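Heads up, the thing below is written out as structure tokens.
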Amino acid sequence: MAKLSAQQVEYVAKLAHLSLAPSEVALYQDQLSRILEYVGKLGQMNTKKVAPTYQLIDNLANITRADTAKPPLTPTQALSGTKTTHNGYIVTQPILNQ
Amino acid sequence: MNLNAVITPVDKTKQVGHKDLFLTQGVKTTAGAKVLHNFIPPYSATVVIRLEHQDLDTAAKLNCDAWAHGSSGENSDFGPALNPWNPNYTPGGSSSGSAAAVAAGLVEFATGTDTGGSIRLPASFCGVTGLKPTYGAVSRYGIIAMASSLDCPGLLTRDVSTCRRLFPLIAGKDELDAISQDPPITYPSKTKLKIGLPKEYFISGIDPQVNQAVKQAAQALASQGHRLVDISLPHTQYSVAVYYLIQTAEVASNLARYDGIRYGRTREHFGAEAKRRIMLGTFALSAGYQDKYYEQAARVRTLIIQDFDRAFRQVDVILAPVSPTPPFKLGEKIADPLTMYLSDILTIPANLAGIPALAFPCGFTPGNLPIGLQLMGPRWSEEILFNLGETYQSLTNWHLQKPKL
């Protein structure tokens, strides 16, 4: 495939919640294009009659366990990794305006 | 010599080095990444707890490529670990600190994770034994996820016997990891095995020193009455392409949870390789490209699995090099991601198929750098691999060599 455009790289970065410096955009344009060219060789293969493999364990169904309570993390433990808490809750960025 | 194998020292009197991907309650766990530079987990991985129940406690948290992304240890956000046989060379990755620490005798044994070769490659580069178990044999609970359809926690030890002794302690069903299982079958122990040598693993691109050392090891096993059989795994050449689509798609998904809100720092702190893989995986899954890239890779993955299925109707185990080359120098491949990715061409197929593989040393280069081979078997055939590995180590003393530090 043709080299990725700067716009394509910026679009993918936006999807992935990454902010890239202009120099990174240029670097990834180049590196990702080369990698995509390499992996593009899979496109030459006829796989119409081949089922895809998404995961390897196919003998698992209806897995159950005893419905017994176990000691959970304490609130202090559960909040130990976060910098800003409020009344025992984790403070996040707002996702709605008003 | 400081090998930079350790990120967090814990207790020198203890036995176990844990790759810093394994959560250890109350002990900093970074995944080799600055996003988690001061993350203190409130619970431990199942593997860590199972070892503690046997009084095998944490000696140190070990360096690795950040998020286990890498083949050399150089993607660690805390600087590369060095190869104890020669500090100008990489110890292999991503379980770089695990292999270096075991080889240097800093720990009795170490844990690692193998998603595309990350236990076997460093084991090979550092002259130690490394087990990538059957997918699902060891619980992934509490281990920072890389690519969930491929991740296999395992062990790095000084010899096969130690690995065999420790493996049952960490293996088996864990209700906290839905894909973990007890072995559903037991392989009958045969005294004489058919050992397959796949021609695709001995092509001209393989370093002649590696080729020769691995073939000599095969002859040593043949001298014990095992039979060598030439086989073919025809889709091997596609394994890196398949892997770098499936793995990066799963990486993009698994690393989406790092938002800096509940723990860790924000996404601005991701290193170059993590960003590269997130970008590649996001692209491979994005609208308009998913069928062409991710779906096609999942289909070719099936062909690679079928290669192994056919081979294991013909032979009991497969013997092959771990790496196409002996250890390479620090800096040699870091500027060229694609060349670095190709280091894993001989280890990736076992991950795509979910089969176990055991790596151990089989010689040294004239420059005194270790060379490793790997045995691959059908799912749940670890005992066969251990038997054959122990036989080889009873005939040779490569595994007894120690680096001068």
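The count begins at 1 with the first shown residue.
Note: Cβ is positioned from N, Cα and C throughout, glycine not excepted.
Residues or ranges marked as active site, charge relay system in TrEMBL: B:LYS19, B:SER94. Taken from TrEMBL, the feature domain 'Amidase' applies to B:19-385. If you look up TrEMBL, you'll see B:SER118 marked as active site, acyl-ester intermediate.
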On a count of neighbouring CB atoms within 10 A, which of the active-site residues B:LYS19, B:SER94 is highest?
-> B:SER94
Once the DSSP letters are reduced so that anything not helix or strand counts as coil, what is B:LYS19 (active site, charge relay system)?
-> strand
Within 10 A of the CB of B:SER118 (active site, acyl-ester intermediate), the number of other CB atoms across every chain shown is 36
Report, in whole Å, the straight Cα-to-Cα distance of B:SER94 (active site, charge relay system) from B:LYS19 (active site, charge relay system).
-> 9
Would you kindly give the Cα-Cα distance separating B:SER94 (active site, charge relay system) and B:SER118 (active site, acyl-ester intermediate), rounded to the nearest Å?
-> 5
In the domain 'Amidase' (B:19-385), averaged pLDDT is 97
